[in-house]
């Protein structure tokens, strides 16, 4: 992947990063959602927008919130707009062109909002959030309240991810050990996959196959799931030594994915190979919680 060679670093003193996401518009621009005190109650949060120049990684903008920020997603229709979610259960809409705090705050979740994602399919501007209150909520950023609430999980929702292929379809991963598939046009769950015998902390959709998802869990394993046959996983990837915090498919290769873990490492995998582990990167000295792969620069993570 060429990751180790061109690595840059930027410290955010007193903050712990929970999520990173590349801008879909500006190559090398990254948003980072961070929290004080490892995200425990009582800490504040910061949205940091980072850029790259000859000197390395630089801080372009930062916005503070009065609770830890756990996830971030870029708008798919405005290069300056982002949404974060936080420990107080709220979602915040930020505009990089504005100097002060959020444009909007949506507070409906009753516990930590841990996941937020902006739909990538054209023709709809929809955002999904997932919370420790065991619900996922559907939002239109132009509307001041949620459009719909999805109930069914029996544990904390850690991850909610839109399908890049099917409009109005998203997946959620939960502490109830399941991966679930939802359709915004129907209130009930479409599919329940008993994915792991442990809490599932992350999921992602393959960019090249509308039926393929991956899950990462507290059991240190990654599993691939074909929605047409959920009796057993398509692949199982082993190697991490602590819980897997986030997993992402490559935007450039149908069989390559990356994962990061509480074991401080980032690992790259090709599930089509007999020895799927491509590389283990050990840059971090703490829990590695956030991970993204650039849409613009093939080797950039």
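Each Cβ is built from the backbone N, Cα and C atoms, and glycine gets one as well.
Residues in the repeat 'WD' (72-96) partition by DSSP class (helix H, G, I; strand E, B; coil) as 0 helix, 15 strand, 10 coil. Positions annotated as repeat 'WD' by TrEMBL: 72-96 (among others).
Annotation source TrEMBL lists repeat 'WD' at 106-140 (among others). Taking the repeat 'WD' (106-140) as a whole, pLDDT averages 94 in the prediction.
Taken from TrEMBL, the feature repeat 'WD' applies to 150-186 (among others). Secondary structure counts, DSSP: the repeat 'WD' (150-186) has 0 helix, 20 strand, 17 coil.
For 193-229 (among others), the entry in TrEMBL reads repeat 'WD'.
Positions annotated as repeat 'WD' by TrEMBL: 237-279 (among others).
Proximity of distant same-chain residues to the repeat 'WD' (72-96), defined by a Cβ-Cβ separation under 8 Å and at least 6 residues beyond the stretch ends, is recorded for 19-21, 23-26, 31-33, 35, 39, 41, 43, 45, 47, 49, 60-61, 63, 65-66, 102-120, 125, 127, 129, 131, 133, 139, 141.
Counting residues per DSSP class in helix, strand and coil order gives 0 helix, 21 strand, 16 coil for the repeat 'WD' (193-229).
Secondary structure of the repeat 'WD' (106-140), assigned with DSSP and counted as helix (H, G, I), strand (E, B) and coil, comes to 0 helix, 18 strand, 17 coil.
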